[in-house]
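The block underneath contains the structure these notes are about, expressed in structure tokens.
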Amino acid sequence: MDQLAHHYRAHIAELNRRVAEILSREALSGLVIHSGQPHRMFLDDINYPFKANPHFKAWLPVLDNPNCWLVVNGRDKPQLIFYRPVDFWHKVSDVPDMFWTEYFDIKLLTKADKVAEFLPTDIANWAYLGEHLDVAEVLGFTSRNPDAVMSYLHYHRTTKTEYELECMRRANQIAVQGHLAAKNAFYNGASEFEIQQHYLSAVGQSENEVPYGNIIALNQNAAILHYTALEHQSPAKRLSFLIDAGASYFGYASDITRTYAFEKNRFDELITAMNKAQLELIDMMRPGVRYPDLHLATHAKVAQMLLDFDLATGDVQGLVDQGITSAFFPHGLGHMLGLQVHDVGGFSHDERGTHIAAPEAHPFLRCTRILAPNQVLTMEPGLYIIDTLLNELKQDNRGQQINWQTVDELRPFGGIRIEDNVIVHQDRNENMTRKLGLTD
């Protein structure tokens with residue numbers, strides 16, 4: 001924690017610098033950032049799990065307490081309005097006493113609807129950042145999530161501070177332990193549901209605390225890109241295992257994927273080839289490289305695998321140009337990572353939020369930025385047997401280039417995805433996932 005505390009001072013200074021700059025540009029007095037409010041389930045007295053506003057948790061690791069507020073202007077000590085109601089039904093959050101508290105003027109709020117008493121008196125010239133625009137209107141904010149402010153903050157959130165990088169290393173370190181436990185459970189015969197329990201126990205986080213719903217897919221379920229069903233019964237024959245799962249640390253996410261074959265076979269060889277390709281793609285990451293170019297390079301590598309493993313005939317460029325590789329690899333190579341799993345800023349060309357769209361032939365690519373130091377991205381190439389996409393190839397001449405017998409042989413295995421979390425440095429890449437122990 002000492003290292004985090006050391007980095008945190010510079011982190012807060014950088015956030016204050018960003019706020020001061022955008023306030024000056026937009027002639028605003030300051031920002032009031034709302035952690036959020038509970039959401040009640042329809043016709044029920046139970047709330048959905050609370051998720052804090054990412055703009056709020058960028059400043060401090062208060063992740064589970066709604067009705068909190070930050071008042072910041074880039075000059076004065078930030079004010080934290082911390083919610084501590086009188087409540088005998090629920091656990092009330094303790095008054096914070098961690099290393100970060102010295103950087104905030106902390107006020108305690110006992111009734112959520114009394115927050116106006118703590119807010120600036122000239123509220124009309126302050127901007128509200130948060131989800132609950134109705135609350136902001138009642139409080140008198142005329143500027144609510146202004147585009148110029150949001151675009152500026154989102155653009156700069158892609159450049160991580162040393163504090164943020166350290167949090168993300170720790171999120172990776174935690175997730176690696178979960179992945180190792182899940183791998184062991186798979187080879188010992190566990191069901192998807194049981195593997196999930198092994199993972200959560202190893203990372204020490206609940207389903208609501210991990211940054212996204214884990215994908216725990218055995219056999220053909222691995223062909224479903226966002227599979228979250230968790231079957232309780234083990235399959236009669238165990239073939240493959242795809243796990244896409246992360247962990248959280250102080251509000252920052254890791255997002256890691258591995259694929260395993262139960263036995264040594266052709267599918268296992270395909271995993272080895274994909275692992276080699278993924279590491280080669282990571283070696284291509286450096287400041288100044290366009291992320292879409294890495295995505296296109298991935299399609300070339302997938303095309304070569306289709307040829308090498310007798311899944312298709314033709315040549316590499318032809319398979320890419322005809323969209324055949326997109327039927328086997330339909331998603332993007334990766335995305336920005338940080339406070340959110342699919343972090344903001346991936347399409348931002350500049351501080352004004354100028355949008356750089358994904359290439360028309362690759363609409364699911366989530367990042368079009370030019371790589372720069374201190375960005376963190378996922379690298380997650382894949383190859384799947386997805387019948388709905390492959391059936392489209394059958395409808396035209398492209399289907400003649402597919403070896404359907406090989407497709408049929410691989411279909412029960414579902415698919416492959418391998419994903420690491422990588423920091424781009426000025427002179428090197430830091431593959432946090434591999435460095436912290438998940439080497440295969």
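A Cβ is built for glycine as well, from the same backbone N, Cα and C atoms used for every other residue.
Annotation for Asp255 (Mn(2+) 2 binding site): same-chain Cβ neighbours under 8 Å, separated by at least 6 residues, are Pro211, Tyr212, Asp244, Gly246, Leu337, Val341, Thr378, Glu419, Asn421. The secondary structure of Asp255 (Mn(2+) 2 binding site), as reduced to three states from DSSP, is coil rather than helix or strand. Feature annotation from Swiss-Prot assigns Mn(2+) 2 binding site to Asp244, Asp255, Glu419; the stated evidence is sequence analysis.
Annotated Mn(2+) 1 binding site per Swiss-Prot: Asp255, His335, Glu380, Glu419, in sequence order.
Long-range Cβ contacts of His335 (Mn(2+) 1 binding site) within its own chain (separation 6+, distance under 8 Å): Val341, His342, Asp343, Gly346, Arg366, Cys367, Leu377, Thr378.
Of all Cβ atoms in the protein chains displayed, 22 besides its own lie within 10 Å of the Cβ of Glu380 (Mn(2+) 1 binding site).
Annotated Mn(2+) 1 site Asp255, His335, Glu380, Glu419; additional same-chain residues within 8 Å of its Cβ mean position, judged by their own Cβ, are Asp244, Ile256, Thr257, Gly334, Leu337, Leu377, Thr378, Met379, Asp420, Asn421. When secondary structure is read from DSSP and collapsed to three states, Asp244 (Mn(2+) 2 binding site) falls in the strand class.
In the three-state DSSP reading, His335 (Mn(2+) 1 binding site) counts as coil.
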